[in-house]
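Peer 1: Questions regarding the structure given below will be posed in turn.
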Amino acid sequence: MTEPNNPAQLDQVHEAEYEIESMPDEVTTTDKSYSQGRLVLRRFLRHRGAMISLTFLILIALLAITSIGFGPIPGWWSKNHVDLYPIQEVGGAPTLTLWPFSIGEHPFGQSTIGKDYFALVMLGTQNSLAIAFTVGIAATIIGTLVGAAAGYFRGLAEAFLMRVTDLFIIIPTLVLAAVLGRMAGNVGGIFALAGMLALVSWTGLARLVRGEVLSLREREFVAAARAVGTSPWRIIVRHILPNALGTIIVNATLLISAAILVETALSYLGFGVRPPNTSLGLLISENQNALSTRPWLFWWPGVFIVAVALCVNFIGDGLRDAFDPRQQMD
Amino acid sequence: MTTTPRFTGENPVLKFDKLDVQFRTEFGTVHAVKGITLSVEPGEVMALVGESGSGKSVTATTALGLLPKTARIQGDTRVTDKSIGQLSGRQLRSLRGNRVAMVFQEPMTALNPVITVGEQLTEAMEVHGVAFGRDAWDRAVDLLNAVGIPNAERRAKQFPHELSGGMRQRVVIAMALACDPDVIIADEPTTALDVTVQAEILDLLRSLKDKLNTGILLITHNMGVVADMADNVAVMFKGTIVERGPVEQVLLQPQHPYTKRLLAAVPRLGEGHGQFGVAPNPVEPTAEAALDVRDLVVEYHRAGKKPFRAVDGVSFDVRRGEIVGLVGESGSGKSTIGRALLGLIPSKSGEVRVLDQNLLGLRGHELKSLRKRIGVIFQDPAASLNPRFPIGDVIAEPMSVHKVGNAKEREARVHELLDAVQLPRSVYNRYPHELSGGQRQRVSIARALSLSPDLLVADEPTSALDVSVQASVLAMFTELQREFGFACLFISHDLAVIDSLAHRVVVMQYGKIVEKGTREDVLLHPQEEYTRRLLAAAPVPDPIEQRERREARYELLKELGDEVVELDTRELDYDARGPRTES
Amino acid sequence: MLKFIAKRLGISLAILVLGSLLLYVLVINSGDPLQDLRESNDPNRENRIRQRIENMGLDMPWYERYWDWLTGASRCLVGQCDLGTAINGQSVNALVATAAASTLRLVVLASLLAIVIGVILGIITAIRQYSGFDYGVTLFAFIAFSLPVFWLGVLLKHYAAIEFNNWIVDADLSWPVILAVAAVLAFILQAALGGDLKRRLITFAAVALGIVAILTYFDLVTWFRRPAIGIPVYVLGVIGAAVLVIVLTSGFHNQRVRNAVAATAGVALVGYIAVRGFLMTSATIPILLVCFVAAIAVAVAAGQLLGGFSRRQATLASVVTALLASLLAIADLLLSNWSGYLKEQPRPIPTIGSATPNYESTFWMHSLDALTHIVLPTVTLMLISIASYTRYTRASMLDVLNQDYIRTARSKGISERKVITRHALRNSLIPLATIVAFDFAGLIGGAVITETVFGWQGMGNLFRTGLAAVDPAPVMAFYLVTGTAAVTMNMLADIAYAILDPRIAR
């Protein structure tokens with residue numbers, strides 16, 4: 001091969017070589033650096049359904065909390081869920097009108113004996129949300145710990161998880177929840193109920209976390225951490241769980257929506273929230289025969305359950321897409 | 001032996017004409033193939049060579065019309081006289097498997113796990129009307145016989161998981177042959193296989209084109225495979241063909257700088273140290289042992305069966321400043337040894353002395369402080385870095401586990417290490433997914449060196465890298481070893497890589513050591529039969545030399561009483577089918 | 001494989017016993033069984049309290065009470081159950097006998113229907129990923145996951161039962177209703193079948209026209225009050241089913257499968273026409289079972305004899321054909337009795353109970369009575385299950401369709417239909433086998449709610465009233481029945497798993 005003496009030829013060769021230099025070990029060119037967390041957040045914020053649902057859920061929660069107040073703090077709504085008010089419309093029908101917009105005295109109507117139904121539904125929503133989120137958080141913590149231990153250490157923790165899982169195939173979650181809910185009823189208070197529900201809700205998440213940990217622990221970065229002498233819990237907390245975060249968060253939201261349905265179902269059956277306190281399920285249970293005569297007593301609590309559960313499910317879907325963009329491609 | 005025919009490109013069975021492929025993705029369009037022209041004639045092996053991302057597999061997939069819907073294809077792809085772009089779905093299907101067939105890279109996943117091998121073979125025949133029912137089954141058994149699967153009658157009734165990787169690849173080839181296609185596209189057909197199995201599969205493919213006059217488009221990144229198989233070569237780089245020509249010309253007198261660079265980066269068996277510019281320092285014969293393994297036994301426990309002995313009484317040592325290559329094929333136990341040394345899996349018996357302390361006898365704090373002195377590099381650069389950690393944290397993690405220095409000192413150390421592995425300091429805050437494979441492997445090396453270990457265990461550190469990246473990583477690795485003087489156990493399946501940097505070599509098979517000694521002794525004058533087979537099967541990127549090596553290997557096989565694998569067409573009465581009649 | 005299933009079964013039985021201990025202890029500690037008496041003003045109060053303590057063995061330590069129950073229950077193994085007495089002194093054995101049948105019928109029916117419908121929807125949505133149909137089904141699934149079962153049940157009672165009963169009195173279809181039904185069904189079908197715009201329009205038009213014609217005809221002859229399939233339509237139906245089976249299994253070119261299916265269909269037609277009159281008047285469950293077994297036997301024989309080399313596929317196809325023909329026959333027999341049933345029960349869809357009490361009539365009338373009682377609870381119960389099977393099947397199918405062996409299959413030139421039915425379907429069903437057990441547990445829990453909504457005297461009712469009264473005997477009876485059913489279902493799922501996945505046969 002002759003040496004190129006024509007300058008243009010020389011340039012060509014140089015250009016080609018330059019291109020090759022840059023190819024195999026390309027230096028990053030973008031200035032901005034994104035952690036995986038930031039990428040996930042960005043994808044989540046762009047998920048329209050999830051963002052609408054999140055806004056909606058926050059609005060519902062704000063409405064439920066500010067209207068009748070929270071605990072001893074009073075809210076802006078003038079009526080409460082205990083007192084009896086004179087019946088306004090025929091049969092206590094709702095005074096809410098959309099056009100022209102007006103709330104009226106009893107926007108959601110009144111119960112058969114004259115209680116303000118708006119206050120009752122708001123209280124039920126508060127209770128249902130409080131229980132659902134408590135269950136979601138508590139069960140997520142239990143499930144993550146048991147699942148991580150079962151996946152990483154195998155042995156006893158895994159055997160325990162597997163047998164509990166087998167147990168829940170034989171005793172349905174709802175049945176055990178009903179028995180525990182009956183017990184919690186003696187203690188009283190919605191947080192006792194929430195605690196009991198958390199005890200039966202964590203297994204599904206634990207199994208998923210275990211599966212995730214089982215595959216992560218075989219990854220080479222975990223082997224690298226072990227080879228250096230990193231302690232097991234440090235590996236779990238710093239190396240494995242952050243990588244299982246997607247599974248955990250997505251399923252925590254699903255746990256919350258399941259908890260709403262289980263709580264309302266238990267209250268409906270009479271093993272959940274008990275009078276004089278109320279919950280959306282209890283309201284439906286009390287008014288299920290009123291569908292033909294006073295439909296609002298049946299519709300309002302149901303609509304709120306469906307709205308909350310649907311929002312949480314859509315948020316979970318948005319999180320899933322954000323954590324696992326592979327499913328969105330092609 | 002016949003002389004290599006010259007192919008003129010006049011009667012192609014497969015022809016890409018100005019093929020151009022773009023993909024729409026989340027981040028804009030990717031121009032994968034940029035107007036390439038290429039053809040394959042009957043009986044020709046056209047090798048399409050390139051590194052990852054060059055667009056070679058996309059090109060191949062186009063010939064079957066199997067690209068995803070997000071692809072925008074321009075230009076023309078012809079199989080025999082039909083233009084792929086103009087065919088209806090039905091016409092395209094009648095072409096697939098019938099006129100053009102494909103052999104895929106991954107034999108472990110290319111076969112349906114719930115359907116028997118025989119049924120997967122008969123299926124293609126029944127679809128294309130080649131044979132039905134009992135006839136198809138008999139032909140399937142004949143095909144399995146032809147590709148050299150013993151007990152074909154029984155094997156046909158088995159499921160894929162009951163066959164080994166090499167067997168499965170033969171099944172895939174048999175499947176490709178089922179309808180006697182005009183052209184076979186082999187996409188990295190031997191990449192997932194061991195080198196001895198690779199040689200057999202290549203023999204099979206070679207006899208196939210000789211006996212059936214089938215054209216083969218061979219997609220590969222391995223220059224040795226090219227030298228062994230190809231008549232003509234096209235070198236692909238970033239979606240364009242930068243150089244093409246007969247195999248001798250391209251491999252021996254490359255014109256394009258990329259081809260030159262690529263060939264220069266291929267490690268060559270027999271060239272020894274210093275191939276990539278730097279040679280490791282010689283070791284003092286009196287140097288003390290950094291690692292001394294005695295009668296190591298490692299067993300895997302299996303439910304309901306007796307334990308599988310993966311490592312069976314292995315003894316060897318690594319002296320300070322020495323690189324010992326541990327070579328073997330899959331299942332030889334070489335990686336298991338690495339993992340046992342790192343304490344990742346328990347050893348059943350034996351002794352592992354690291355710097356005169358028995359690793360297997362230590363517990364708790366003492367074990368931890370010993371581990372500080374052992375570094376590790378793994379194979380997969382994508383999996384060996386925690387995706388949630390920025391690079392700075394990845395490299396500093398061993399220091400923070402062992403509580404070495406304060407945050408500031410660690411940062412300074414990380415910067416030093418980044419310099420040492422030739423990465424810009426700006427990657428400190430980047431995440432692994434933002435780096436290329438070669439860069440990630442440099443980060444792995446930096447992490448392994450962060451505690452200045454006395455012993456480094458490198459488990460196939462360059463196997464997942466492209467060859468040009470491998471060369472630069474190997475050069476850098478050798479330089480670091482010279483500089484820091486750590487002892488290193490270098491585990492690899494690639495004899496040429498071992499040849500380029502190891503002082504001594506240990507060859508393993510089935511959990512036992514077959515042969516060990518100095519690099520020169522083992523790789524140039526092997527004593528044991530297995531080592532000779534292994535060396536003979538490794539192809540070199542020089543077609544003339546490779547032809548000689550192949551002849552020598554046939555001699556060796558004859559001497560050892562083995563047969564050369566070739567397509568046995570006696571049972572396959574292709575001629576009886578007569579000329580093709582379908583439109 | 002046998003070892004694998006035996007091991008799983010052993011674990012399940014051990015868990016069944018352990019679970020009984022847990023549940024027993026929890027139930028007796030969940031409240032005070034004497035509360036109602038303590039609060040009463042009955043002058044005889046002390047006496048009644050003492051009586052109840054004696055009845056329920058409240059003075060014994062818990063482990064003795066549990067042991068008593070366990071020994072009584074374990075005698076079920078030899079067919080002599082003793083499930084104890086309820087709080088009011090009734091024998092639980094007697095309560096269980098009627099309750100178990102109706103509950104298991106409900107749960108098993110809902111489970112099977114949910115699997116079939118959910119898997120089919122899942123496959124279609126996976127194939128038509130990101131189509132309008134996919135989004136529609138996904139939305140449906142999300143709504144189903146968010147609907148409280150009891151709320152839905154009450155709504156169905158009101159709108160599906162009461163409104164339907166009002167409508168069936170004269171079964172009038174107005175034009176807007178006909179057009180709306182036709183438009184909706186045609187829209188769904190074109191979305192599911194897919195294709196380019198032209199093909200979709202043709203599908204839509206054809207389906208819509210067909211439905212309008214059928215509904216108009218039905219309206220004219222008030223078909224909904226006196227429906228019938230009749231022999232001609234039955235013949236057409238069986239032929240259609242046979243064609244469908246052939247297309248879905250081997251395609252028409254494989255004459256062995258074709259012949260086997262044709263033979264099966266022929267025998268089924270002739271056989272049914274021959275026995276139809278007899279079945280109409282004097283059918284019983286055993287007689288129907290004999291007919292069914294005969295049909296399957298014919299199918300197996302046809303497959304084995306005519307299948308030749310493709311014996312397995314031919315047998316499978318014939319059995320499916322026989323199954324479809326049998327279902328069609330049952331449907332024909334039931335529909336033929338509908339007008340008679342309407343005369344006896346003018347408001348056919350009940351909202352309470354699992355059967356009309358003290359109803360004396362023919363076999364077919366009783367069958368219709370049971371069916372009309374079970375239809376709404378089943379719909380209520382299986383909605384969530386359908387949604388979850390749809391989602392799981394879709395995800396699993398998409399996963400499988402991305403596998404290398406699917407690419408291999410396509411590269412062989414196999415049609416997309418066969419890629420799905422032969423290569424993808426079976427692989428995508430493998431992970432579902434493990435879901436079945438969990439879903440079944442969910443259905444049993446759901447049955448407790450559904451039975452409450454629809455006022456069934458079933459096992460769920462036994463559980464609910466038992467638990468409310470802190471009465472362990474009925475609760476444990478519920479547990480025994482549903483737990484055994486769950487273990488059985490689990491075992492079936494394991495067997496299916498082992499059959500689907502050859503890698504499991506160790």
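Heads up, residue numbers simply count up from 1 along the chain you see.
Every residue, even glycine, has its Cβ placed from backbone N, Cα and C.
Just so you know, TrEMBL annotations are computer predictions that nobody has curated.
Got these off TrEMBL a minute ago, pasting:
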type: TRANSMEM; residues: C:9-28; note: transmembrane segment
type: TRANSMEM; residues: C:106-127; note: transmembrane segment
type: TRANSMEM; residues: C:139-161; note: transmembrane segment
type: TRANSMEM; residues: C:173-194; note: transmembrane segment
type: TRANSMEM; residues: C:201-223; note: transmembrane segment
type: TRANSMEM; residues: C:229-248; note: transmembrane segment
type: TRANSMEM; residues: C:260-279; note: transmembrane segment
type: TRANSMEM; residues: C:285-307; note: transmembrane segment
type: TRANSMEM; residues: C:314-335; note: transmembrane segment
type: TRANSMEM; residues: C:370-389; note: transmembrane segment
type: TRANSMEM; residues: C:429-456; note: transmembrane segment
type: TRANSMEM; residues: C:476-500; note: transmembrane segment
Peer 1: Restricting to the same chain and to residues at least six past its boundaries, which positions have a Cβ under 8 Å from a Cβ of the transmembrane segment (C:476-500)?
Peer 2: 1, 4-5, 8-9, 12-13, 16, 19-20, 23-24, 27, 69, 73, 76, 83-84, 92, 95-96, 100, 103-104, 107-108, 111, 426, 429-430, 433-434, 436-437, 440-441, 444, 459-460, 462-463, 466
Peer 1: Where, among C:173-194, C:260-279, C:285-307, C:314-335, C:429-456, do we find the most CB pairs under 8 A to the transmembrane segment (C:370-389)?
Peer 2: C:429-456
Peer 1: Which range wins on Cβ pairs under 8 Å with the transmembrane segment (C:173-194): C:106-127, C:201-223, C:260-279, C:285-307, C:314-335?
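Peer 2: The stretch I would name here is C:201-223.
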Peer 1: Would you say the transmembrane segment (C:229-248) and the transmembrane segment (C:429-456) are touching, if the rule is that at least three C-beta pairs must lie under 8 angstroms and be 6 or more residues apart?
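Peer 2: Contact absent: fewer than 3 Cβ pairs fall under 8 Å.
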Peer 1: For the transmembrane segment (C:285-307), could you work out the same-chain residues 6 or more beyond its ends whose Cβ comes under 8 Å from its Cβ atoms?
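Peer 2: Non-local partners: 256-257, 259-261, 263-264, 267-268, 271, 275, 279, 313-319, 321-323, 325-326, 330.
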Peer 1: Give the one range among C:139-161, C:201-223, C:314-335 whose Cβ atoms make the most pairs under 8 Å with those of the transmembrane segment (C:229-248).
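Peer 2: Out of the listed stretches, C:314-335 contacts the transmembrane segment (C:229-248) most.
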Peer 1: For the transmembrane segment (C:260-279), give me same-chain residues lying six or more residues beyond its boundaries with a C-beta closer than 8 angstroms to one of its C-beta atoms, as numbers and ranges.
Peer 2: 231, 234-235, 238-239, 241-242, 245-246, 287-288, 291, 294-295, 298-299, 302-303, 305-307, 314-315, 317-318, 321-322, 325-326, 329, 332-333
Peer 1: Six or more residues beyond either end and a Cβ under 8 Å away: which residues meet both conditions relative to the transmembrane segment (C:314-335)?
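Peer 2: For the transmembrane segment (C:314-335), the far contacts come to 227-230, 234, 237-238, 241-242, 245-246, 249-250, 256-257, 259-261, 263-265, 268-269, 272, 276, 279-280, 283, 288, 291-292, 295-296, 298-300, 302-304, 306-308, 364, 367-368, 371.
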